[in-house]
Amino acid sequence: MSEEEGRERAVTVEGDAESMNDGRALVQPPARSGDVITPTRAVLTLSKSMFNAGCFSLPYAWKLGGLWVSFVMSFVIAGLNWYGNHILVRASQHLAKKSDRSALDYGHFAKKVCDYSDIRFLRNNSKAVMYFVNVTILFYQLGMCSVAILFISDNLVNLVGDHLGGTRHQQMILMATVSLFFILLTNMFTEMRIVSFFALVSSVFFVIGAAVIMQYTVQQPNQWDKLPAATNFTGTITMIGMSMYAFEGQTMILPIENKLDNPAAFLAPFGVLSTTMIICTAFMTALGFFGYTGFGDSIAPTITTNVPKEGLYSTVNVFLMLQSLLGNSIAMYVVYDMFFNGFRRKFGARFPNVPKWLSDKGFRVFWVLVTYLMAVLIPKLEIMIPLVGVTSGALCALIFPPFFEMITFWTDWKGLLTYRQRMTKIFINLVVMAIGVFAIIAGVYTNIHAIIQSFSQPDP
């Protein structure tokens, strides 16, 4: 073999080894510039996307599931979410590198998975898969934003409802309408740097409000020895749905990773994802445990309404309403990030004389109004939260990531892993997907039952 042929073969082998990459040894990507954020701000933004209205319904979720069943399930759900988020980012980074893209959002990632697949059916229907993923994420984000409106409305009614007439349902609609104006204002900003600043300010309000709630909660007589360890199937499934919703940052994973100045910091051992998951799991477990053991069967659908309305405690509602107001723009950012470019291209081609700023703001106003209508149609936190969490939440956390990972690395695993290692990975992913399918089927059934029961009862 000549020296030139030897060099060519060395380059070919090196290229093959690089292409067969299951994500364990990604080449250090170049630093990004422009509208980017640091790892610290990424942790704050991702934590804020999880620390939201759903957290304060966790004590109520523990009541539905039972004390010790809920305690165990909290760690199981956290672990499943962490696993799904980790393999999602790993596969996304791999495909972004493979397709010479700096980053991929969830929908285009799903399309790339199918485009590079060995399965002809997936290659021929890659756009359909992308649309399905996008619609799922759209429903998830809109559900989260409608929950934020409900949370604000619920706390406003808790503060001033005694001075208003009408039923609680009418009061909730009135307060949702009042909050709509302020939510529209916070959704007029487009850059991740501004959105992450909102997340920072929102986190301050959240920490203050959560600290006051925890301080009041731990002062209550502890009832842990009197509470049931488990309840029933329906209650447990509803608890799982509400806990899945509490980890509502699944759809923010890729948008934040895409804006990180150093992408390698996201999956590092003490990087953005692991740090965020540890913080969130510890806080959510503590809030659920102490909230339920402190108030017992009297715990409300959101623990903020168990706190007194006078003195320092009355400010808790205000702080948490402000954090939900600012946090709403974080959740809606995903919708704008995924759909606006396509909308602007098609809308601009059909209506070229409409100013770009008008189409931009009109697009944002439209989706905010959709979340408002969702909140008005189902103005009950205890129904909306598990409904969103157990459907779109389970799809985004438990079904899409393992499915896409297997398709992405299927060929690479054959060349890099032993048969036993490959079968172990496939088995783990299939188990996670089976859990997700079961959660969706059981969750939809229990939530439909809860909706029928709720609306068949007279409104107080």
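Cβ atoms are placed via backbone N, Cα and C, with glycine included.
Under the heading transmembrane segment, Swiss-Prot lists 64-84 (among others).
What Swiss-Prot records for 132-152 (among others) is transmembrane segment, and it gives sequence analysis as the kind of evidence.
Per Swiss-Prot, transmembrane segment is recorded for 172-192 (among others), and the stated evidence type is sequence analysis. Sequence-distant contacts of the transmembrane segment (172-192) (same chain, at least 6 residues past either end, Cβ-Cβ under 8 Å): 35-37, 148-150, 152-154, 156-157, 164, 166, 198, 255, 259, 321, 325-326, 328-329, 332-333, 336, 360-361, 364-365, 368-369, 372, 375-376, 379.
Per Swiss-Prot, the feature transmembrane segment maps to 194-214 (among others).
Residues 37, 42, 45-47, 49-50, 52, 54-55, 57-58, 60-62, 64-66, 69-70, 73-74, 77-78, 81, 84-85, 88-89, 92, 103-106, 109, 137, 140-141, 144, 147, 192, 230, 266, 272-273, 276, 280, 284, 330-331, 333-334, 337, 385-390, 393-394, 396-397, 439, 442-443, 446-447, 450 of the same chain sit 6 or more residues outside the transmembrane segment (236-256) yet have a Cβ under 8 Å from a Cβ within it. Residues or ranges marked as transmembrane segment in Swiss-Prot: 236-256 (among others).
Annotation source Swiss-Prot lists transmembrane segment at 270-290 (among others), citing sequence analysis.
Feature annotation from Swiss-Prot assigns transmembrane segment to 316-336 (among others); the stated evidence is sequence analysis.
What Swiss-Prot records for 362-382 (among others) is transmembrane segment, and it gives sequence analysis as the kind of evidence. Beyond the ends of the transmembrane segment (362-382), by six or more residues, the same chain brings 53, 57, 60, 142-143, 145-151, 153-154, 169, 172-173, 176-177, 180, 183-184, 187-188, 301-302, 332, 335-336, 339-340, 343-344, 450-451, 454 to within a C-beta distance below 8 angstroms of the stretch.
Feature annotation from Swiss-Prot assigns transmembrane segment to 383-403 (among others); the stated evidence is sequence analysis.
Listed by sequence, the residues of this chain that lie at least six past the ends of the transmembrane segment (426-446) yet keep a Cβ under 8 A from its Cβ atoms are 80, 83-84, 87, 233-234, 237-238, 240-241, 244, 386-387, 389-391, 394-395, 397-399, 402-403, 405-406. Residues annotated as transmembrane segment in Swiss-Prot: 426-446 (among others).
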Ranked first among 194-214, 270-290, 383-403 for CB pairs under 8 angstroms with the transmembrane segment (132-152): 383-403
For the transmembrane segment (316-336), the candidate among 64-84, 194-214, 270-290, 383-403 having the most Cβ pairs under 8 Å is 194-214
Spatial neighbours of the transmembrane segment (194-214) not adjacent in sequence (6+ beyond its ends, CB under 8 Å) are 37, 41-42, 44-45, 47-49, 51, 55-56, 186, 283, 286-287, 290-291, 303-304, 307, 312-313, 315-316, 319-320, 322-323, 325-327, 329-330, 333
